[in-house]
Amino acid sequence: MDHFNYRHQQLFAEEIAVTDIIQQFGTPAYIYSRATLERHWHAFNDAFGEHPHLICFAVKSNSNIALLNVMARLGSGFDIVSQGELERVLAAGGEASKVVFSGVAKSRQEITRALEVGIRCFNIESIPELKRINDVAGQLGKIAPISLRVNPDVDAHTHPYISTGLKENKFGVSVSEAREVYRFAKTLPNVKITGMDCHIGSQLTELQPFLDATDRLVVLMEQLKQDGIELHHLDLGGGLGVTYTDETPPHPTEYAAALLNKLKAYPNLEIILEPGRAITANAGILVTKVEYIKQNEDRNFAIVDTGMNDMIRPALYEAYMQIIEIDQSLVREKAVYDVVGPICETSDFLGKQRELAVAEGDLIAVRSAGAYGATMSSTYNSRPQAVEVMVDGNQAHLIKQRASFADLWRLEQLIP
Ligand code: LLP
C-alpha cells in the first residue's frame with residue numbers, strides 16, 4: 001500500500017496533486033511519500049513485537065539524506081556498504097551504534113572511520129578482510145564487533161544479477177567453511193564475534209528461500225556453541241520483494257512470524273533485517289514529461305525527458321516498471337507505446353509496448369521508483385539528474401535540487 005492515488009482522475013502524492021508539484025519543481029522529478037516510507041518501516045519493525053530486533057534500512061536503495069533522516073527519526077538502524085553511505089547516515093542524524101557495514105571491499109580508511117564512530121557491527125565477507133579489520137582495530141586500540149556473512153547456497157529464484165546467496169557469487173564465506181573461519185576469528189585479539197549474517201538476493205517473492213537460509217544458519221549457530229561461540233544477533237539481510245506489477249510478495253508480518261517460529265528456541269537472539277526495496281520502492285515515483293510522440297513503421301514511441309540516466313533498472317535488468325498517466329481526465333487516444341528516453345543507447349527505455357493515453361507535453365510516471373532509482377542514476381549524456389521531492393501530507397519539500405550545467409563539470413579542470 002502506498003500514498004499515490006487518483007482523485008478525480010488526477011494522481012496525488014499524499015494530499016498534493018502531482019501536477020502541482022511538477023509545476024513548482026519541473027521534470028524529471030522523483031517524488032517520495034513520507035507516510036509510505038514510515039508505514040513500510042513500521043510494517044517491519046512492528047512485526048517482531050517484543051522479540052529483540054533491529055531494522056537496518058539498506059541505504060543503497062535510496063540514500064537521500066532527507067529520506068535517511070526520516071528513517072533516523074523512526075529509530076531505524078542502517079545497512080551500509082561504503083564510507084560514503086556511513087557519512088550520509090551520520091549527516092542525516094543516524095546513530096553509528098545502529099549501523100551494520102556490509103560489502104566485499106572495505107578499505108583500511110573505511111574500517112578506520114567505522115571504528116572511530118563506533119558502528120554496531122562489521123559484516124565480514126572474507127578471511128583477508130577479517131585479518132585487516134583485526135589489524136586496524138589493533139592499531140587504534142579498539143575491539144571491532146564482527147559478524148560473518150555466510151553464504152548459505154540457496155537459490156533465491158530472482159534475477160541472476162540480484163541473486164547473491166549462491167556458491168558462485170562473490171559474497172560471504174561458504175556455509176561449509178564458516179565454522180573454521182569463526183574459530184579463527186575467536187583467536188584474533190582485536191575482534192569480538194557478535195553475530196552471523198547472510199543476504200541471499202533481492203526482490204524475493206516467496207518465503208521459502210529465506211527460511212531455508214535460516215535453517216542453515218541455525219545449524220551453524222549450534223555448531224558454534226560447541227566451539228564456545230555464542231552469538232548476540234542473527235542478521236538475515238534484505239531482499240523481501242515488492243509488487244511492481246502482479247507479484248504477490250509476502251508481507252513483512254508473514255516473514256517475521258515465520259522467522260520467529262523458526263527461532264523459538266532463541267528468545268534472546270536479536271534479529272536484524274536489512275530491507276531496502278520493500279521500504280522505498282513503492283514510496284517513490286519518477287515523473288517525466290512526454291517530449292515527442294513518434295511513429296515508425298511498426299512502433300509508436302513516447303519519447304520522454306528522462307531514461308536510463310535517472311532510472312537504469314529497465315535497461316540493466318529488463319525490469320518491468322509500471323507507467324501511468326498523471327492526468328487521466330485529458331482526452332487522448334489510447335495507443336501502445338515504447339516509452340523511451342533521450343539517451344543515445346538502444347537500451348534506453350522505461351517500458352515497452354505500454355498502452356497509454358498521452359500526447360506531447362503530458363506528464364507520466366514510473367511507479368515503484370523509490371528504490372534503486374536515484375541511487376543508480378548518472379549524468380550520462382550530460383543530463384542533470386532528476387530533482388527529488390519529499391511529500392509530507394500537504395507539503396512538498398525539495399530534497400535534491402537540479403544541478404546547473406556548470407555543476408556537471410564542477411570537479412573537472414583544464415590542463416595547463
Ligand atoms: N543487504 C545487503 C547485504 C545487500 O546486498 C542488499 C542489496 C540489501 C541488504 C537490500 O536488499 P533489498 O531489501 O533492497 O532487496 N539494483 C538492484 C538491486 C540490488 C540489490 C543489492 N543488494 C535492483 O535495482 O533491482
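Think of each number as a place in line: the chain as shown, counted from 1.
Note: Cβ is positioned from N, Cα and C throughout, glycine not excepted.
When Gly239, Gly307, Gly341 are compared with the pyridoxal 5'-phosphate site residues Glu274, Pro275, Gly276, Arg277, Tyr372 in TrEMBL, the one appearing in that site is Gly239.
A Cα-Cα distance of 9 Å separates Lys60 (N6-(pyridoxal phosphate)lysine) from Arg277 (pyridoxal 5'-phosphate binding site). Note on the domain 'Orn/DAP/Arg decarboxylase 2 N-terminal' (35-281): its mean pLDDT in the predicted model is 96. Each residue contributes its Cα atom, and for Glu345 (substrate binding site) and Glu274 (pyridoxal 5'-phosphate binding site) those atoms are 34 Å apart. In this structure, Gly239, Pro275, Arg277, Arg313, Tyr372 are the binding-site residues from Gly239, Pro275, Arg277, Arg313, Glu345, Tyr372 whose C-beta falls under 6 Å of some atom of ligand 1.
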